[in-house]
Amino acid sequence: MASTENHREREPINEVDANRTLNVAVFGATGSIGTATAEVIAHLNRVDTQLKWRMWAASGHRNLERLAQIVSAADPAPHRAVLSDPTFADSDRARQIATVRPGMSITYGPDALVEVAQSPEVDIVVAAIVGRAGLESTLAAVEAGKRVALANKETLVVAGPLVRRAMVASGAEILPVDSEHSAIFQCMGTSASPSTTQPPPKPKKLILTASGGPFRTWTKEQMQAATVESALAHPTWNMGAKISIDSATMMNKSLEIIEARWLFDLPADAIEVVVHPQSIIHSMVEFDDGSVIAQMSPPDMKLPIQYALTYPRRLECESPGLDRSRRWDLSLEVADHDRFPGLALGFEVAAAGGTAGAVVNAANEEAVGLFLNGQIRFTDIVSGCRDVFQNHTHESDPPLSRLLELDIWARKETRNRFQL
């Protein structure tokens with residue numbers, strides 16, 4: 001938690017004032033979400049007449065050149081750059097970033113991310129570090145009562161109950177950046193009456209859509225021989241390597257099932273997955289009366305990023321709108337749990353809670369890395385995750401320290417499973 005001695009009161013984010021600047025910390029700035037966030041902040045400074053925006057801090061891990069480009073282009077200049085890899089501390093290459101923006105400080109290591117997350121100067125934290133590595137800094141931001149624009153689904157997968165408790169205790173806001181969860185959040189909001197103070201009705205079902213990835217029409221036999229190149233070739237989204245492989249196995253959707261369970265505080269059996277190859281319907285919400293509300297837009301992450309920053313305001317977005325001058329054929333397909341067994345695993349983990357998410361997430365991260373390095377087959381990824389899940393002793397309410405221990409155990413267990 002932020003020290004009370006260093007705390008200075010900041011206005012609620014929803015309070016608009018043309019002379020006010022919102023400070024945003026972008027964790028994972030060198031990745032695809034971080035890069036898009038930098039562009040969204042620049043765009044908001046052109047179109048937002050009620051608030052000013054500043055990328056107060058930007059972090060990268062090892063991509064110094066890209067981090068230098070991002071902080072160089074930011075206007076106004078960032079206050080802080082963070083290199084989460086501590087081996088770069090005080091290196092000549094790292095010091096060169098400081099020359100790009102005189103007066104900007106550089107700090108190193110995971111603790112520096114936590115410090116920024118808790119800084120009283122920061123209004124919004126964009127949590128876009130890929131994988132379990134983003135857990136501590138994201139949790140620190142929640143504990144400090146920040147608005148967290150959450151792109152790091154692994155935080156909720158690994159430690160959903162801990163994050164929810166921290167959110168309630170601190171008054172933090174967690175707004176989803178994943179297109180599917182942003183869509184659900186937007187659909188749930190439309191059910192609230194503007195003329196009453198009554199809360200919106202609880203949904204009956206959350207319906208997550210999945211593109212189906214590059215192997216939507218492949219047989220199990222074809223997938224056994226899938227190459228890294230074919231698995232990385234996503235048909236509709238431009239993403240990093242890890243999430244592209246997750247999309248190909250549909251483990252990404254499995255992680256999103258678990259994320260939705262904790263983000264919206266609904267049981268696993270209130271969540272469904274359907275395949276929607278066009279990636280126009282980003283997700284749907286069904287209510288008790290049978291009504292289904294969907295959120296639609298072309299596949300572009302700038303829209304959910306901007307909405308997480310500006311909520312509840314909606315401003316002009318650089319993301320292209322839906323072209324209504326042409327014909328759109330939109331289809332929904334039943335998700336095939338036989339060809340994509342990771343989906344069933346996702347529902348099991350979401351229902352189990354406790355240590356299950358931490359173990360499966362770690363096993364998946366390790367297995368994806370092994371596949372990208374050519375050490376295991378594509379179909380080994382999910383089977384390895386299931387084996388590790390079944391081999392672990394489930395605990396229902398573990399502390400963070402235990403989750404981190406199991407993260408290490410599951411990675412070792414995954415390598416042992418493949419005799420690596």
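Think of each number as a place in line: the chain as shown, counted from 1.
Glycine is treated like the rest: Cβ placed from N, Cα and C.
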Which of these, G240, G290, G321, does TrEMBL say binds NADPH at the same site as T30, G31, S32, I33, R62, N63, N152, E154?
G240
Given TrEMBL lists D178, E180 for Mn(2+), the same-site residue among E65, E256, E272, E286:
E256
Besides K153, S179, E180, H234, S247, N252, K253, E256, which of S119, S211, S291 does TrEMBL list for that 1-deoxy-D-xylulose 5-phosphate site?
S211
Using the Cβ center of D178, E180, E256 as the Mn(2+) site position, which other residues in that chain lie within 8 Å, going by their Cβ?
K153, P176, S179, H181, S182, L208, N252, K253, E259, A260, S283
Using all protein chains shown, find which of the binding-site residues T30, S32, N152, N252 scores highest when you count other CB atoms within 10 A of its CB.
N152
Helix, strand or coil by DSSP: which one applies to T30 (NADPH binding site)?
coil
Give the residue from the binding-site residues R62, K153, H234 that has the most other Cβ atoms within 10 Å of its Cβ, counting over every protein chain displayed.
K153
